[in-house]
Amino acid sequence: MAAATAAAAPQQLSDEELFSQLRRYGLSPGPVTESTRPVYLKKLKKLREEEQQQQQQQQQQQHRAGGRGNKTRNSNNNNTATAMGGRPGSGDLAYLRSPAGLGRLSASAAESPVAGGSGGAAAVPAAGSKVLLGFSSDESDVEASPREQAGGGGGGGARRDRAALQYRGLRAPPAPPAAGEVTGGHPGERRKPHSWWGARRPAGPEPQPPAAGSDGAAEDADEELADGEDRDPEAEEPLWASRAVNGSRLLPYSSCREHYSDSEEEEEEGEEDGDVAPARQVLKDDSLARHRPRRSHSKPFSALTAKSGGSRQETSVQGGGALAMNDRAAAAGSLDRSRNLEEAAAEPGGGGGGGCGCDPVDSIPRYRAGAKKLAPLLSPPSPDGDSTLESPTGPLLKTNNHIGGGAFGVDSPGLYANSLPPGATAAAAPGTLRINHANHTGSNHTYLKTAYGKPKLCEPEEELLQQFKREEVSPTGSFSAHYLSMFLLTAACLFFLILGLTYLGMRGTGVPEDGGLIKNPFDETFGKIQESEKNLLMSTLYKLHDRLAQIAGDHECGSSSQRMLSVQEAAAYLKNLGPEYEDVFNTSLLWIFKNGKDVGIRCVGYGPEEDLTNITDVQFLQSTRPQMPFWCRFRRAFITVTHRLLLLCLGVVLVCVALRYMRYRWTKEEEETRQMYDMVVKIIDVLRSHNEACQETKDLQPYMPLPHVRDSLIQPQDRKKMKKVWDRAVDFLAANESRVRTETRRVGGADFLVWRWIQPSASCDKTLVIPSKVWQGQAFHLDRRNSPPNSLTPCLKIRNMFDPVMEIGDHWHLAIQEAILEKCSDNDGIVHIAVDRNSREGCVYVKCLSPEYAGKAFKALHGSWFDGKLVTVKYLRLDRYHHRFPQALTCNTPLKPANKHMNSLSHLRLRTGLANSQGSS
């Protein structure tokens with residue numbers, strides 16, 4: 001009867017109740033629609049039946065649990081099969097993900113002897129994580145709630161906490177103590193805890209008051225007592241004798257990575273529940289679990305796994321906070337925390353832990369359990385379940401890559417998996433961990449380097465860091481790459497500067513070049529001179545050339561006003577050098593005059609442009625190659641280059657000014673043209689309105705003087721500025737507007753030019769009247785910045801199509817639909833249009849046959865002016881569209897405009913015709 005009632009109850013649930021019930025069972029449902037509701041109801045019915053079966057099995061198991069404390073287990077296979085509710089092999093992930101595996105694992109957990117302790121532990125969840133249905137969900141719910149993470153006050157049992165992950169709210173009633181169990185004395189005396197520093201502590205004088213979750217802790221402690229008595233005797237060895245193993249016992253969630261959600265509400269719900277950050281760890285932890293099928297075979301159980309498992313659960317009971325067996329505490333705290341815990345634990349009394357010897361939770365640096373910014377650095381809960389995953393310090397301590405509980409593995413030097421004894425590589429104590437012997441894998445070291453060496457990043461950066469791990473770029477490489485271009489540019493500039501300076505320095509010493517020219521006289525006269533006179537003549541030319549070059553150089557550098565040297569001064573200069581030079585001076589001068597080539601010395605008469613015909617006409621000698629010092633040449637070159645650069649810049653500025661002025665003139669002409677057209681439209685509206693008023697009131701004159709129309713349209717302060725626009729509008733009306741006739745009338749005793757509106761026929765008036773709902777052109781052109789390159793979905797959401805406050809009547813939305821169909825008249829893929837009549841943003845929803853048709857409609861509508869409003873379009877997901885408009889599921893017939901006249905496009909045709917007429921005129 002109860003089963004029938006439970007089966008029929010889901011049919012009467014509302015959408016909200018159905019959603020909450022599925023969430024209570026650990027599922028992550030999507031939107032409840034007509035198509036998904038039957039699937040969700042069937043799933044809820046099945047889960048309720050499994051829940052009732054588990055409750056019945058738990059009650060039967062609790063009655064048979066009387067003498068379980070003295071029972072022994074025969075082998076490690078039985079041990080691992082019962083401790084975690086008969087979980088499958090580590091590689092059998094498909095079994096964990098299936099609903100059948102969920103029910104069978106839960107049932108086997110209820111039947112195991114460990115599942116029903118003296119306090120009656122709750123049912124163990126099979127998969128250890130939520131089941132994600134194959135629908136698009138609005139939430140990502142892969143992490144327990146803060147209440148469940150707190151563990152009921154910080155001391156909740158492991159199985160109770162694991163059960164809270166999936167079957168929330170299920171608690172079996174406590175069973176009476178068994179006859180074979182110890183009922184007197186302190187719990188610490190009965191359980192005989194072995195602290196991880198190796199010394200047994202006496203129990204405290206008084207038991208600690210139980211916390212909110214102490215009942216579940218006591219149940220797990222009783223179970224561990226029975227487990228500890230049946231373990232191998234080697235388990236009594238101290239924990240530091242064992243090797244620290246990098247045991248990654250993590251398995252991926254039962255909801256595989258393909259079951260993702262692309263809903264926009266997913267981010268909002270995920271932020272409210274705090275469940276987004278752990279979900280991102282699924283991709284990372286799948287890679288950690290790939291080594292498990294070949295590394296988790298059962299082997300003889302060692303002291304390491306046996307005693308560490310026992311100490312871990314016992315300390316979690318009495319210490320008020322669980323120390324995870326495979327902690328990764330170094331990612332959340334410093335390495336010195338382990339030493340602080342060890343020193344504090346070595347003090348007598350254990351600090352109020354009820355004889356446990358562990359520090360209380362308050363002595364540990366406080367971190368928010370399950371905080372979103374810490375969650376990406378922590379490992380997600382494994383399917384086999386850890387007894388301390390949901391404790392208050394669980395997220396803090398679960399980041400230590402060593403076995404032994406707490407921070408034990410941090411301070412144990414030289415303990416690695418490659419030196420473990422043969423018996424230490426067995427599977428962990430009853431299903432609590434699976435050891436991964438790959439202690440030096442690259443992924444693990446990368447993870448630790450990320451956790452230890454980097455500060456906490458914001459959530460988007462953490463997501464990118466976890467999903468796209470790559471080698472860090474060294475600061476030295478980035479520094480050199482940053483300054484490489486600057487260094488190359490500086491080197492190039494220095495090279496050309498040095499080259500130019502060297503060139504300038506070489507230009508200043510041109511004597512050998514000139515000497516080469518002198519040695520080659522280019523005629524036969526030089527060969528007729530005797531050999532003894534040749535050397536003297538060459539020496540005279542050299543001396544004279546150097547003197548003239550020095551004088552010319554001093555003049556160019558501004559240190560001398562004399563540029564040339566007279567013939568008498570040249571003769572006196574050579575005479576001072578020696579009497580032999582004076583004798584050959586005339587011969588040298590004659591040779592220079594007759595040679596006619598540029599040998600560095602030029603003969604000049606009384607004027608610089610005077611033609612010399614005789615040697616007697618030569619009055620001055622001038623150097624054609626001034627010899628200037630290096631700094632003088634550099635200064636002259638700098639002045640020359642600066643002068644030329646200034647001229648170049650001036651030319652560029654003049655060109656820019658000319659282009660700017662031309663652009664200004666073009667822009668001004670375009671603006672004046674636009675203002676002229678606007679003025680024409682205003683004049684026509686005034687004349688049409690005046691004509692309508694004349695038909696209603698016969699006393700009005702059927703014409704209007706031009707100055708009156710101008711004064712009514714242009715403000716007094718703008719009339720001078722708008723005079724040119726007004727004159728162009730008047731000329732345009734006179735030449736191109738047939739409905740306006742210009743006449744001369746006497747008004748008030750003076751002659752005025754007036755405009756008379758000529759009434760057109762009724763049929764023509766109807767076609768020329770611009771309707772209220774019209775497309776008014778494109779606001780901007782579509783490009784990559786404002787339009788996606790590919791069509792995303794077949795559904796569109798259009799904004800600013802109307803203003804619900806200004807709309808009148810009951811069928812105004814039909815005009816909106818008709819306008820969209822007319823605008824997209826060449827699109828045969830629109831199958832559904834919905835107008836949200838109450839939307840303040842003027843939203844219209846459009847569904848097309850395919851994303852290609854939606855992209856075509858997007859390009860036609862986005863950025864257009866409609867009824868004075870700028871229309872914007874965005875893509876909408878198909879499932880959200882069907883959730884909003886279920887009737888659109890069956891729409892597959894393309895829609896066509898009902899009116900063939902295309903009234904909404906008449907304004908565009910009118911403007912196009914006006915522009916064409918203006919261009920032809």
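Placement of Cβ uses the backbone N, Cα and C atoms for every residue, glycine included.
What Swiss-Prot annotates here:
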DNA_BIND  717-736  DNA-binding region
COMPBIAS  53-62  compositional bias 'Low complexity'
COMPBIAS  72-85  compositional bias 'Low complexity'
COMPBIAS  217-237  compositional bias 'Acidic residues'
COMPBIAS  263-275  compositional bias 'Acidic residues'
COMPBIAS  308-317  compositional bias 'Polar residues'
COMPBIAS  348-357  compositional bias 'Gly residues'
DOMAIN    7-51  domain 'LEM'
MOD_RES   Ser28  phosphoserine
MOD_RES   Ser136  phosphoserine
MOD_RES   Ser137  phosphoserine
MOD_RES   Ser140  phosphoserine
MOD_RES   Ser261  phosphoserine
MOD_RES   Ser263  phosphoserine
MOD_RES   Ser287  phosphoserine
MOD_RES   Ser412  phosphoserine
MOD_RES   Ser787  phosphoserine
MOD_RES   Thr893  phosphothreonine
MOD_RES   Ser921  phosphoserine
REGION    47-97  region 'Disordered'
REGION    136-357  region 'Disordered'
REGION    374-395  region 'Disordered'
REGION    709-921  region 'Interaction with SMAD1, SMAD2, SMAD3 and SMAD5'
TRANSMEM  486-506  transmembrane segment
TRANSMEM  637-657  transmembrane segment
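Sequence features, as recorded in Swiss-Prot, placed on the structure.
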residue	record	DSSP class
Ser28	phosphoserine	coil
Ser787	phosphoserine	coil
Thr893	phosphothreonine	coil
Please determine which of the modified residues listed here (Ser28, Thr893) has the lowest count of neighbouring CB atoms within 10 Å. Thr893
Per DSSP, how many helix, strand and coil residues does the DNA-binding region (717-736) have? 16 helix, 0 strand, 4 coil
Under the DSSP assignment, what numbers of helix, strand and coil residues are found in the compositional bias 'Low complexity' (53-62)? 10 helix, 0 strand, 0 coil
How many other Cβ atoms are found within 10 Å of the Cβ atom of Ser787 (phosphoserine), counting all protein chains shown? 14
Can you check how the pLDDT averages out over the domain 'LEM' (7-51)? 81
Between the Cα atoms of the residue listed as 'phosphothreonine' and Ser787 (phosphoserine), find the distance and write it as a whole number of Å. 27
Tell me the Cα distance separating Ser787 (phosphoserine) from Ser28 (phosphoserine), rounded to the nearest angstrom. 34
